[in-house]
Amino acid sequence: MKKWIVEWIPSILIALVLSLILQTYIAQAVTIPSASMVPTLSISDKLIINKMVKPDNLKFGDIVVFFSPIEDSQEERLIKRVIGLEGDVIEVKEGHLFRNGQKVEEPYLAQPINYEFGPITVPEDNFLFLGDNRNISYDSHLWPSPFIPKEKIIGKAIFRYYPFNRIGKI
């Protein structure tokens with residue numbers, strides 16, 4: 001084998017191992033596959049998610065990637081906004097979201113919500129998620145069980161790196 005190939009093999013292997021560790025445990029790049037988070041996130045936006053975030057540290061309004069609750073697509077990854085934390089009572093009525101009886105101002109929505117949902121109480125160790133494009137998003141208000149257990153959480157969206165004109169913190 002040529003000398004330069006032998007010299008590069010350890011460096012390439014180290015880079016591959018570090019990349020695998022980074023993507024498995026620390027951070028990962030994801031691409032937005034649908035319009036369910038429009039106008040906040042658009043189709044084909046590219047994000048970095050923090051995989052080290054603990055589910056217990058998620059807050060109302062965080063944008064999170066998690067495994068689908070749907071039986072036939074449990075390996076599919078979804079991205080939605082945290083709307084309900086354990087113990088929260090969530091309701092959608094008269095075009096607005098109510099959390100624990102209080103109307104929530106949601107400046108990130110492009111249009112009023114056109115469905116009714118709840119009231120429903122989020123159980124312990126679970127979350128309730130809705131897309132920002134509420135009227136077309138397939139999310140907690142349509143799933144057979146509206147709750148996502150904390151074990152299905154993959155990570156929290158922290159940074160958009162593409163498109164370049166929308167780069168920034170999420």
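Including glycine, each Cβ sits where the backbone N, Cα and C put it.
Pulled from TrEMBL:
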{"type": "DOMAIN", "residues": "6-162", "note": "domain 'Peptidase S26'"}
{"type": "ACT_SITE", "residues": "SER36", "note": "active site"}
{"type": "ACT_SITE", "residues": "LYS80", "note": "active site"}
Averaged over the domain 'Peptidase S26' (6-162), what pLDDT does the predicted model reach? 95
Just to verify a number: CA distance, LYS80 (active site) to SER36 (active site), in angstrom, no decimals. 8
Close in space, distant in sequence - SER36 (active site), Cβ under 8 Å, 6 or more apart: ILE79, LYS80, GLY131, ASP132, ASN133, ILE136, SER137, TYR138, ASP139
Around the Cβ of LYS80 (active site), other Cβ atoms found within 10 Å total 23
